[in-house]
Ligand code: GLV
């Protein structure tokens, strides 16, 4: 393997190493995959307005997320079934996140349980939640996450049904028989049946609660004291509802472009959401973050931090824990360099004037 110099290079290695069904599952987006491409391309249309001749000999990238201090505004997004990528799966990701001093979000559909991930050692961890039809199952799971020391719930709100991922349909995707959705083992919900379709889409159709609505955000608050991040907001209307629902924060997410195709890139939707929240709750972003420059652009447009998904899974497939550590290190180094070359020494100094969006270019106005 030649030297890896950016996080995207792990993808080709993962493609070589993984069984087609597993690689396709991680890689694919919904339908035409327009949003999948757009999540990346929209970042490339945002340009910088760097400031010069500023002493950048000391750069502070630390920040606080829901009261927890972390080393940088780059966190790990929930991605399901990580043991399909590497035998160490979520353990490796948890250890790499802790070593980097940042937050890991564990998927409900992890192949390691909340208790197993907690047993890897100290670390700040969030738990991504899917709401099952059987609310007893949800209550139990949330309680277990609390007991295992998880610090927040990231409630996925964009998946009342699974998006149509055509590679998974063609492959008749199912979780390999030697793995289980570990959080649901013992509840008879840890396995996925073969279907004449994507096995995951059928699992979701059978188990996930399609009636989920804003009142359930309140319900969730009645069963846990953990702060709730609403993950999957991409409009101002829903951002306002999230604030009113008592959410502790919003994750602007289109589920890695795996749900509704032809929604905008998350980086394009970010500013609308940020403006709608009027600073009342923090707004985070995932989707297409592959470079330190992307992290900077998100922060300049008002995000309080970003989450990274696929690069973690691909690096895990390529090199296990070392790969995930390397992803976090490369993104950190790139982000630090972007701050330096933009003339910012702390996150508080990164602001709207440091970027030029397409919208700005269409509506030129002097900014002095
Ligand atoms: C899991 O959350 C998936 O989108 O496949």
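In case you wondered, yes, glycine gets a Cβ from its N, Cα and C as well.
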Inset, instruction - From 161, 164, 165, grab the residue that TrEMBL records in the same glyoxylate site as 25, 255. - result: 165
Inset, instruction - Find, for the listed binding-site residues 78, 288, 309, the residue with the lowest Cβ contact count at a 10 Å cut-off, counting only other Cβ atoms. - result: 309
Inset, instruction - Mind running the binding-site residues 156, 258, 288 against ligand 1 and keeping the ones whose CB falls under 6 Å of it? - result: 258
Inset, instruction - Please work out the number of neighbouring Cβ atoms within 10 Å of the Cβ of residue 165 (glyoxylate binding site), leaving out its own Cβ. - result: 25
Inset, instruction - May I have the list of same-chain residues other than 25, 165, 255 whose Cβ is within 8 Å of the Cβ centroid of the recorded glyoxylate site, in sequence order? - result: 26, 28, 29, 30, 162, 163, 168, 200, 256, 258
